[in-house]
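Taken from Swiss-Prot, the feature signal peptide covers 1-20, and the record attributes it to sequence analysis. Among the features that Swiss-Prot reports, disulfide bond is placed at Cys28-Cys55, Cys35-Cys49, Cys39-Cys56, with the record citing similarity to another entry. Look at Swiss-Prot and you will find 62-72 tagged as compositional bias 'Polar residues'. Taken from Swiss-Prot, the feature region 'Disordered' covers 62-81.
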Amino acid sequence: MKTFLFLFAVLFFWSQPRMHFFFFDEKCSRINGRCTASCLKNEELVALCWKNLKCCVTVQSCGRSKGNQSDEGSGHMGTRG
């Protein structure tokens, strides 16, 4: 009986930290991020994951999309002077 109680206590307390860490990974995946040791050049750090990993999300470019051609032919070069 003591062995059963001991194993139950060990398994119960062992599962608690793992559930806590799962929360961080779930939060990162909800924002389409990935947990990794370091972010790439085209990624930004948006949150922290477990075991000192970083939640990195790909940076969206702020340039005009292919479908947006409203300023084409206006003579504007798009550079700052």
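Counting starts with 1 at the first residue shown.
Using N, Cα and C of the backbone, Cβ positions are placed for all residues, glycine too.
Note that the structure is predicted; figures quoted are calculated from it, not measured.
Between the CA atoms of Cys28 (disulfide bond) and Cys49 (disulfide bond) there is a gap of 7 Å. Here the candidates are the disulfide-bonded residues Cys39, Cys55, Cys56. The one whose C-alpha lies nearest to that of Cys49 (disulfide bond) is Cys55.
Taking each of the disulfide-bonded residues Cys39, Cys55 in turn and counting other Cβ atoms within 10 Å of its Cβ gives the largest count for Cys55. With respect to their backbone Cα atoms, Cys55 (disulfide bond) and Cys35 (disulfide bond) stand 5 Å from each other. A straight line from the CA of Cys35 (disulfide bond) to the CA of Cys56 (disulfide bond) spans 6 Å.
For Cys56 (disulfide bond), the same-chain residues that are 6 or more apart in sequence and have a Cβ closer than 8 Å to its Cβ are Gly33, Arg34, Thr36, Cys39, Leu40, Glu43, Glu44, Leu45, Val46.
The local packing around Cys35 (disulfide bond), expressed as other Cβ atoms within 10 Å of its Cβ over all shown chains, amounts to 17. Just so you know, of the disulfide-bonded residues Cys28, Cys49, the Cβ with the fewest other Cβ atoms around it within 10 Å is the one at Cys49.
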